[in-house]
Amino acid sequence: MKGVGTEIGTIHFVGIGGIGMSGIAEVMHNMGYSVQGSDMAESYVVEGLRSRGIKVMIGQKAENVAGVAVVVTSTAVKRDNPEVVAALENRIPVVRRAEMLAELMRLKSTVAVAGTHGKTTTTSMVACLLDAGGIDPTVINGGIINSYGSNARLGDSDWMVVEADESDGSFLRLDGTLAVVTNIDPEHLDHYGSFERVKSAFVEFIENVPFYGAAMLCIDHPEVQAIIPKVRDRRVVTYGFSAQADVRGEGVTPIPGGNRFTAVLRQRDGSFRRIEGIELPMPGRHNVQNALAAVAVAVEMGVSDELIRGGFAKFGGVKRRFTKVGEVDIGSGAVTIIDDYGHHPVEIRAVLAAAREGVQGRVIAVVQPHRFTRLRDHMDEFQGAFNDADVVYAAPVYPAGEQPIEGVDSAAMVEGIKARGHRSAHLTTGADELAKELAATVQAGDMVVCLGAGDITKWAAGLADAIARERAGA
């Protein structure tokens, strides 16, 4: 923290295995702070923290916070959590995750990446290009960056790249020197109350940029474009495929595993310069759009065209963002298994469009809706999100702590998908049933795309082996 050394005592993270909490904990540990935490279950994140020397306790009990100096929580942690109760009883400061992240950001100049979708991938791309440019930023991301093997890293420079989560409004604490907004959709209305308040929060986020900074805004997205006139006294750099964009993508051409494109940069004197032949090893037009945001940041920070090209060529992607997790050899070819975090209709459409770009056979979507309230609020959009899938399997809703809502379930979603003209949409009850069904029906060249923010990732991880076993036993 600014003006304070690292000898402040132990900092305890409640729910340290959460992807947002773990990154802050890891960076603070690497900075020399004494860090520990607790979580409700073992996970690969917990295992990774322990391997880096951070003490993690399973189970949340009052005694876990004995003798600590500060307790850090996320908004998911309730005030009746036994560790929080014990901290308050003992007058131990309890701070939110965003407040701690904001303290870290005060130590450095920051690129803060916000938006309803695409934050994690865009944050990773920005970090990749700054690495390529020799800037060596500290990074705190909302997903595992494959080249780091972690979602966080302590860099040597005065720059930090962070994912700014808008879900609970806490991103307004994060004052970025450079701010990126990828898109704005009506999500997290339980917190904001209305979409108008969501949009107002993004305007405030942009206006928190200092006068010497800039905001990189995706002009292709209508809601982002609509807030540009409301930003009156901060410099705005637009990006996208629009002819009006300051950083424009053109000539997008599919290549194996990704896309090649040209970035056309509008200079301050009105002239243009082109960065041609950028190869992004990640499929999907939406990912080219994310890459343009990273180009805008990199150019602002003086990274050369050649280093931008080289940085993208080495981009290793993000865990659970169109990640290949398996392959099944079926004699005449192979079936590819993809794991993706997409759990909102906009994300699902983008992921399936990316799959359609490179698949030789069929696209088979396996979706696990995440939260009953999200499915209720976006049922129509979910039912229309699967046009690029030849076959759809819907798993039971992952509740994420919510209670069921009558009439809001995967069966209702599947009925709506079929009512809209889809010829092959089905329910599946579990990973074993899915493996049996796929073993009997997959064809060479098919791509199975598992979608969701719940435990569908575990299905994806074991699916290739399960299909192979079923086929061997047939």
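Every residue number used here counts from 1 along the chain in the order it is shown.
Note that Cβ sites are derived from N, Cα and C of the backbone, with glycine treated the same way.
Quick look at what Swiss-Prot lists:
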BINDING   Gly115, Thr116, His117, Gly118, Lys119, Thr120, Thr121  ATP binding site
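Feature map: annotations from Swiss-Prot on the structure.
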{"residue": "Gly115", "record": "ATP binding site", "Cβ contacts under 8 Å, 6 or more apart": "Thr122, Glu166, Val180, Val181, Thr182, Asn183, Ile184, Cys218"}
{"residue": "Thr116", "record": "ATP binding site", "Cβ contacts under 8 Å, 6 or more apart": "Glu166, Thr182, Asn183, Ile184, Asp185, Glu187, His344, Val346"}
{"residue": "His117", "record": "ATP binding site", "Cβ contacts under 8 Å, 6 or more apart": "Thr182, Asn183, Asp185, His344, Val346, Glu347, Ala350"}
{"residue": "Gly118", "record": "ATP binding site", "Cβ contacts under 8 Å, 6 or more apart": "Thr182, Asn183, His286, Gln289, Asn290"}
{"residue": "Lys119", "record": "ATP binding site", "Cβ contacts under 8 Å, 6 or more apart": "Val113, Gly142, Glu163, Ala164, Asp165, Thr182"}
{"residue": "Thr120", "record": "ATP binding site", "Cβ contacts under 8 Å, 6 or more apart": "Asn141, Gly142, Gly143, Glu163, Val318, Arg321, Tyr341"}
{"residue": "Thr121", "record": "ATP binding site", "Cβ contacts under 8 Å, 6 or more apart": "Gly143, Met282, Asn287, Asn290, Val318, Arg321"}
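Neighbours of the ATP site: apart from Gly115, Thr116, His117, Gly118, Lys119, Thr120, Thr121, residues of the same chain with C-beta atoms within 8 angstroms of the site's C-beta centroid are Val113, Thr122, Thr182, Asn183, Asn290.
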